[in-house]
Amino acid sequence: MRLTKYGVFHVKQTSSCDVVVIGAGHAGCEAAAAAARFGARTVLLTQRLETIGEMSCNPAIGGLAKGQLVREIDAMDGLMGRVIDRAGIQFRILNRSKGAAVQGPRAQADRKLYRLAMRAALDETENLSLLEGSAEDLVITDGRVAGVVLADGSTIACGAVVITTGTFLRGLIHLGEKTWPAGRVGDAPSLGLSLALERAGLPLGRLKTGTPARLDGRTIHWDSLDRQEGDDPPVPFSYLTERITTPQVACGITATTPETHAIIRANLERAPMYSGQIQSTGPRYCPSIEDKVVRFADRERHQIFLEPEGLDDHTVYPNGISTSLPEDVQLAMIATIPGLEQCRVIRPGYAIEYDFVDPRALHRSLETKGVGGLFLAGQINGTTGYEEAAGQGLMAGLNAARRCAGSAPLVLDRADAYLGVMIDDLVSLGTSEPYRMFTSRAEYRLLLRADNADSRLTPKGREAGCVDSERWAAFMVKAAGLERGRALLQSLKGSPDWLRRQGLEINRDGVVRSAWDLLAYPELGLQALAAVWPELDSLSGAVAEQLEIEGRYAGYLDRQEADIRAYRREEGLALSADLDYDAIGSLSNEVRQKLKAARPETLAAAARIPGVTPAAVTALLGHVKKMVLDWAEGPVP
């Protein structure tokens with residue numbers, strides 16, 4: 001066992017710190033860095049230091065809604081955006097032809113570069129130490145976590161623990177009829193922590209995920225395949241990255257065939273998901289290829305993206321054919337795919353089952369309701385995806401550090417960020433399948449865009465203590481540019497006749513319009529307006545992009561701001577954790593049971609529980625208001 005910066009822990013020795021983070025995947029790295037940025041003495045515990053920041057499944061960051069999460073993590077001074085900017089080998093803005101609210105940045109990553117860049121970022125973080133070892137138990141005293149017991153018998157005393165174990169909790173790999181315990185291929189599972197969580201009274205369940213085979217790119221017939229190039233120039237994730245310097249590569253595109261599907265159908269009884277070997281639920285929106293063939297029986301082809309895993313790595317990730325079929329079936333199946341007829345399989349795909357905690361057992365701070373100082377983040381909360389995990393990790397790590405300092409947690413709501421939407425969904429509704437983020441989950445997505453995440457969150461992060469001076473200074477420069485740009489756009493005005501003489505087709509209604517007003521016209525952007533007012537050429541880069549979006553959607557944004565004010569009135573009405581729902585006579589038994597199970601923290605959270613009717617919300621509101629009134633009036637003398 002090694003501990004950087006603190007020296008070496010000896011067996012049976014007890015050491016101490018403020019926050020211990022268990023697991024160094026995407027959630028753990030962000031949790032540890034956030035706690036350390038706040039100033040907490042933090043230890044990041046992992047079985048193997050060389051796997052810190054490992055991309056266990058696909059070699060990509062971002063995507064629809066996920067890209068917004070990465071921008072939000074970056075706005076809070078998290079690591080993921082800067083790390084992918086250093087390791088990305090293909091950048092694309094998805095849904096570029098659609099509105100700004102549903103666009104999403106995505107990047108292919110060089111796995112090794114990503115891992116090295118994450119390790120370097122952690123090594124540069126003050127107050128953070130990296131420890132190689134395995135957590136086996138928790139020390140819980142008087143309902144509060146007090147330390148972590150390691151496999152060698154040593155103990156780390158601490159004020160808070162963040163568990164970010166991914167798929168390691170009682171992980172079980174399935175490859176056809178074969179099964180073996182593992183956290184992922186090559187790593188042992190975590191058994192003791194599952195038992196510790198059960199002893200602490202946390203409700204555990206099982207979920208499943210999977211990954212495809214890995215291919216040798218030197219044996220792929222690339223010339224016969226379509227190519228997918230990245231954007232040129234590539235758009236960075238981090239607000240601090242000026243430009244991408246890593247060499248860029250293309251991906252290949254192919255598809256399954258009827259012959260592929262015939263092989264899969266002929267071997268379904270050997271597929272763990274269909275033989276009854278796997279009982280857990282997998283991710284609905286990332287199904288295995290055997291699931292696709294069964295659920296979409298009329299489809300003759302399913303698209304596959306062949307994604308290089310690195311600049312100096314011949315491994316290719318075939319995105320779209322995740323499977324746990326036996327290895328011989330996988331080999332036969334892959335040989336029927338165009339371009340892969342002679343392809344060598346480096347490693348077969350597999351499925352993995354693992355424990356998770358029902359996230360309804362958490363506060364919105366991601367602290368468990370039953371054990372003070374114990375925080376959970378990532379797949380342990382029922383989510384899937386690097387970005388979802390990283391976002392939870394940042395919030396859990398920051399709030400763990402704030403708890404140690406005696407400060408109130410930072411809680412983001414549904415109008416603040418996709419981070420707030422995700423956490424609210426989890427703790428209010430729970431999940432019976434791996435949860436992933438979508439733009440459709442966010443009611444206020446027009447405001448929760450990728451371009452303005454810093455405007456929304458960097459001031460909150462600065463106030464909460466997780467944004468450093470370098471990022472704050474850069475943010476203030478951009479904020480000043482936005483303020484000057486808005487003032488300039490609103491100051492430049494013209495009548496319809498004058499604007500028509502400048503070549504702009506405007507209704508002759510006599511209304512004088514500003515350049516800001518004209519941005520609402522779909523055909524008019526800053527470039528067109530700069531031909532009329534050359535001083536607008538001074539606006540460029542991220543400032544120009546954000547101003548153009550704000551101007552275009554100004555009317556819609558105003559209406560959404562009004563919706564948010566109404567939402568926050570409900571969100572501001574807190575519900576007591578010991579509220580007696582049996583005392584509200586007008587509630588049905590079904591609604592009463594749902595409210596008791598979820599114990600929502602606010603009226604708005606109660607309204608989002610499936611089956612809780614508007615009438616029930618009204619009854620709940622009336623009951624709470626009566627309680628407040630009775631309390632204010634006090635006993636009659």
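We number each residue from 1, going along the chain as drawn.
Each residue, glycine too, has its Cβ placed from N, Cα and C.
As given in Swiss-Prot:
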{"type": "BINDING", "residues": "G23, A24, G25, H26, A27, G28", "note": "FAD binding site"}
{"type": "BINDING", "residues": "282-296", "note": "NAD(+) binding site"}
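Taking the features listed in Swiss-Prot, we show where each one sits on the structure.
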residue: A24; record: FAD binding site; DSSP (3 states): coil
residue: G282; record: NAD(+) binding site; DSSP (3 states): coil
residue: E290; record: NAD(+) binding site; DSSP (3 states): helix
residue: F296; record: NAD(+) binding site; DSSP (3 states): coil
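For the FAD site, the Cβ centre of G23, A24, G25, H26, A27, G28 serves as reference, and the other residues of the chain with Cβ at most 8 Å from it are V21, C29, E30, A31, T46, T164, T165, G166, G378, A389, G393. Taking each Cβ in turn and tallying the other Cβ atoms within 10 Å, the top scorer among the binding-site residues A27, C286, V294 is A27. Note: the CA-CA distance between K292 (NAD(+) binding site) and H26 (FAD binding site) rounds to 28 Å. Of all the binding-site residues listed (H26, R284, K292), H26 sits in the most crowded Cβ setting, with the most other Cβ atoms within 10 Å. Note: F296 (NAD(+) binding site) has non-local neighbours H302, i.e. same-chain residues 6+ apart with C-beta under 8 A of its own C-beta. Within its own chain, G25 (FAD binding site) has G53, E54, S56, T164, G166, G378, A389 as residues 6 or more apart in sequence whose C-beta sits under 8 angstroms from its own. Of all the binding-site residues listed here (G23, A24, G282, S288, E290), it is G282 whose C-beta has the fewest other C-beta atoms within 10 angstroms.
Counting every protein chain shown, 30 other Cβ atoms lie within 10 Å of the Cβ of G28 (FAD binding site).
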